[in-house]
Amino acid sequence: MENDELTPLNAHDGDQKDKHLKEIGCGTAACKNVVEYAPEGKLAVLYWSWFAAKAILLVILVILPFIFYTPSEISSLWYTPIMGIVAASLPSGGAPIAGGIVFLPVLTLNGIHASQAVAFSAATQMIGCGVLAPMNWWVAKPGIFIYKVIPVALIFGMMGTFVALLCVPLSARTPPIDVIFQDLFSSMSKLQSTDAIHMLRGAVNATVTDVPEEQMTGGDEGTAMHHHATLMSFLGIMAHGHDPEDNVDLCFAVFCVILSIYVIHGLVHDHLVEQNEEYKYTKNSVVAYAAASFVGGLITGWIGIGIEKVLFVMLTSYDKCNINRACITSISIVGWISTFAFVIHMWLLKDVPVMFWVCGLSGVHIGAMIGPTINKWIGSRNVMIVFVIFLIVDAAYKFYALGKEWTSEV
């Protein structure tokens, strides 16, 4: 077993290790845990196998867009790989937040609907936070994960995400309950035509103008369709309200403010740096983490991120766990929750901007690879400072844009 231990790079004894850590701006006990490790013995095979797999995967992801899209289409999305690098380097570098904190504002600035940006976040975090980042850390340091909290967080986080996406969505996406109404009304009225189904779909979003007028008024079938469409329009308005895309932006901005306050408090008081207690698996803790994970799953379903921060706060304040163990565990969980959300977005809601996703994956892969190195160079504290600045700017812009839009409507 001695050969399977992890040996820090450039540190052959305790004194050299401390000197090396101070040279790279990483002198705290918590920061020492994220220094890059070189495996020996049996782990070396896994380490270098994963290294080779990452190199092959990078080549595939770079080539992939050119297989499906034209050079002109790819060139119009030149910013997506850069966005992916920045977004993926944050969680893989030790910041307790998923890449959606970057994706949503950047994509909405480029004309993508907020609901599609959330879907993009789920699709991308599935790869970056769900596969690449946890594998990078697991190969280097398997013990960094808090394994006991993962099952509870996944089960209740998925439940929260399911409710957020399909039962109480913030955006204008059509809820699947619409399908139930369609089938019910189709059976009652014996309306099996494609046009009727299309009309009922449009009615959920209060847009029945695409249906020919004669179908709205012609005969008993047309009358029945008209009443059903009116009911569905009412349900759609009640479910989504006025300009529902703003709900996602507003929720995202509020989340950024709360998150920045918490991180600033931690930076000022430095109360998280030295703590290193173990997760306490008790009945009370299971209930607490189940509730927190459900709430985090709701937030993640609505804005693409959230459960990782909720779990990070729980692990570092409720159980006083090491901040880096809490961060990596939380980031991995949001990646796995995003996999569940991606399935819903892709096959039920059908709102994933696939071309953006395919073009940005190479950047996500690069960001996941360089994140730990960035953390090692500038230190965890400086990573968090940059992160807070980004949060404040992002929240300020969102509130400004929403205020300007609402003022113009008045």
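Count begins at 1; order follows the chain as displayed.
Every residue gets a Cβ built from N, Cα and C, even glycine.
For 45-70 (among others), the entry in TrEMBL reads transmembrane segment. Away from its own ends, the transmembrane segment (45-70) comes close to residues 38-39, 132, 135-136, 139-140, 355, 358-359, 361-362, 365-366, 369 of its chain (Cβ-Cβ under 8 Å, at least six residues beyond either end).
What TrEMBL records for 82-106 (among others) is transmembrane segment.
Beyond the ends of the transmembrane segment (118-139), by six or more residues, the same chain brings 39, 43, 46-47, 50, 54, 84, 87-88, 91-92, 98-100, 103-104, 107, 112, 145, 171, 248, 302-305, 308, 328, 331-332, 334-336, 338-339, 341-342, 345-346, 349, 351-353, 356-357, 360-361, 364-365, 367-369, 371-372 to within a C-beta distance below 8 angstroms of the stretch. Annotation comment: TrEMBL describes 118-139 (among others) as transmembrane segment.
The transmembrane segment annotation in TrEMBL covers 145-168 (among others).
The feature transmembrane segment is assigned by TrEMBL to 248-267 (among others).
Taken from TrEMBL, the feature transmembrane segment applies to 287-305 (among others).
Long-range contacts of the transmembrane segment (326-348) within its own chain (CB-CB distance under 8 A, at least 6 residues past either end) are made by residues 91-92, 94-96, 98, 118-119, 121-126, 128-131, 133-134, 137, 144-146, 149-150, 153-154, 157-158, 161-162, 165-166, 176, 297, 300-301, 304-309, 311-312, 315-316. Taken from TrEMBL, the feature transmembrane segment applies to 326-348 (among others).
The annotation transmembrane segment is assigned in TrEMBL to 354-371 (among others). Sequence-distant contacts of the transmembrane segment (354-371) (same chain, six or more residues past either end, CB-CB distance under 8 Å): 54, 57-58, 61-62, 64-65, 68-69, 73-74, 77, 80-94, 99, 107, 112, 120, 123-124, 127-128, 132-133, 136.
Per TrEMBL, the feature transmembrane segment maps to 383-400 (among others).
Same-chain residues lying 6+ beyond the ends of the transmembrane segment (248-267) with a Cβ under 8 Å from its Cβ atoms: 97, 101, 104-105, 108, 114-115, 117-118, 170-171, 299, 302-303, 305-306, 309, 313, 381, 384-385, 387-388, 391-392, 394-395, 398-399, 401-402. When Cβ distances are compared across the two stretches, the transmembrane segment (383-400) makes contact with the transmembrane segment (82-106), since 3 or more pairs at least 6 residues apart fall below 8 angstroms. Counting residues 6+ beyond its ends, the transmembrane segment (82-106) has Cβ neighbours under 8 Å at 34, 114, 117-118, 120-121, 124-125, 128-129, 132-133, 136-137, 248, 252, 256, 259, 303-305, 308-309, 312, 323-324, 326-328, 330-331, 334-335, 338, 360-372, 374-375, 380, 383-384, 387, 390-391, 394, 397-398 in the same chain. Long-range contacts of the transmembrane segment (287-305) within the same chain: residues 97-101, 103-104, 117-122, 125, 149, 152-165, 169-170, 247-248, 251-252, 255, 311, 314, 318, 334, 337-338, 341, each at least 6 residues beyond the stretch ends and with a Cβ under 8 Å from a Cβ of the stretch.
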